[in-house]
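Asker: Below are the structure tokens for one structure; questions will follow.
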């Protein structure tokens, strides 16, 4: 079996920055304990499990405000997906120490929404409902931001001004966003468009679109909650025309997927630890359908190998 290692793949700078911020927090003895992450720091359970070993507690729930209600003391880390001003204010009122690990690309979108609100605009925001990134973006100005996920959402959308800005969740499929923007243009011809697909998401999607078409199958390594991982599988199937499966790690690979497969492409979401992806590639590389000794699919990567290394500051 030939392995097509799609490049680029895996971690983006926003994810690495967020994890380094959280690791440094774990090592900082001056921070009030306990230390919580408000939601998953990035959408990967292997990462959150590794942080649990570091003594950082991940709390998840329907919304950031509801999660925050569970916390009465200590330190709170805001995830790479960003949070609303209301969440920041609530944390301040509760006397919590806060650390912001918001991805710079997400912050840029928040700043854009604030600027356009000041100019009297309404904002159409293309994103996934119940995902933390749109939750934070809508929370910047809930009175003028309208979340849409699909074309059907436009049917009932009415906006009381011609001053309209259209932007989007950074991890969406660029093709889906483009199609929705075309639909929006038809209904709101005066709308201004500001596509915010982050560069890391864009180049990973384009790599799959261009490189997966030579494969019989694409394996996307990523957490089920990772929107960008799910979009990579979608791009493989809809743009490259190659059947795709998303797996959290090697243990989720089904042998029947590999029947008759000669070329398999492998990519990974922006929040997927590199050792987890390498383990998937190693399994596929040695797999022989005629040799049961090569069929074992067990994740063996230790949690201490999941997180990026940080330098421990020496005490003065």
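The first residue you see is number 1, and the count goes up from there.
In case you wondered, yes, glycine gets a Cβ from its N, Cα and C as well.
According to Swiss-Prot:
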ACT_SITE  133  active site, proton donor
BINDING   12, 103, 198  [4Fe-4S] cluster binding site
BINDING   43, 81, 131, 226, 228, 271  dimethylallyl diphosphate binding site
BINDING   43, 81, 131, 226, 228, 271  isopentenyl diphosphate binding site
BINDING   43, 81, 131, 170, 226, 228, 271  (2E)-4-hydroxy-3-methylbut-2-enyl diphosphate binding site
Asker: Out of 12, 103, 133, 170, 198, point to the one nearest residue 271 (dimethylallyl diphosphate binding site) in space (Cα versus Cα); all of them are recorded positions in the record.
Answerer: 12
Asker: Which one is closest to residue 81 (dimethylallyl diphosphate binding site) in space, judged by CA to CA distance, out of the binding-site residues 12, 170, 198?
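Answerer: Of the binding-site residues 12, 170, 198, 170 has its Cα closest to that of residue 81 (dimethylallyl diphosphate binding site).
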Asker: Looking only at DSSP and grouping its letters into three states, which state does residue 228 (dimethylallyl diphosphate binding site) belong to?
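Answerer: DSSP assigns residue 228 (dimethylallyl diphosphate binding site) to helix.
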Asker: Would you list, in sequence order, the residues of this chain other than 43, 81, 131, 170, 226, 228, 271 that have their CB within 8 A of the centroid of the site's CB atoms, where the site is the one recorded for (2E)-4-hydroxy-3-methylbut-2-enyl diphosphate?
Answerer: 42, 80, 133, 171, 225, 227, 229, 269, 270
Asker: Do any of 12, 170, 198, 226 (binding-site residues) have a CA within 10 A of residue 133 (active site, proton donor), and if so which?
Answerer: 170
Asker: What other residues of this chain sit with their CB within 8 A of the center of the CB atoms of 12, 103, 198, the recorded [4Fe-4S] cluster site?
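Answerer: Nearby residues not in the site list: 13, 14, 15, 80, 104, 105, 106, 170, 171, 199, 200, 201, 270.
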Asker: Please tell me which one of the binding-site residues listed here (12, 103, 170, 198) sits closest to residue 131 (dimethylallyl diphosphate binding site), measuring Cα to Cα?
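Answerer: Comparing Cα positions, the candidate nearest residue 131 (dimethylallyl diphosphate binding site) turns out to be 170.
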Asker: Near residue 12 ([4Fe-4S] cluster binding site), how many other Cβ atoms are within 10 Å of its Cβ?
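Answerer: For residue 12 ([4Fe-4S] cluster binding site), the 10 Å Cβ neighbour count is 25.
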Asker: CA-CA, which of the binding-site residues 43, 170, 226, 228 lies nearest residue 103 ([4Fe-4S] cluster binding site)?
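Answerer: If we rank 43, 170, 226, 228 by Cα distance to residue 103 ([4Fe-4S] cluster binding site), first place goes to 170.
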Asker: What does DSSP assign residue 198 ([4Fe-4S] cluster binding site), in three states?
Answerer: coil
Asker: When you put residue 170 ((2E)-4-hydroxy-3-methylbut-2-enyl diphosphate binding site) at the centre and draw a 10 Å sphere around its Cα, which of the binding-site residues 12, 43, 198, 226, 228 have their Cα inside it?
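Answerer: So the list is 198, 228.
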Asker: Which of these binding-site residues is closest to residue 198 ([4Fe-4S] cluster binding site) if you go by CA atoms: 43, 226, 228?
Answerer: 228
Asker: Could you check the binding-site residues 43, 103, 170 and say which one's CB has the fewest neighbouring CB atoms inside 10 Å?
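Answerer: Counting other Cβ atoms within 10 Å of each of the binding-site residues 43, 103, 170 gives the minimum at 103.
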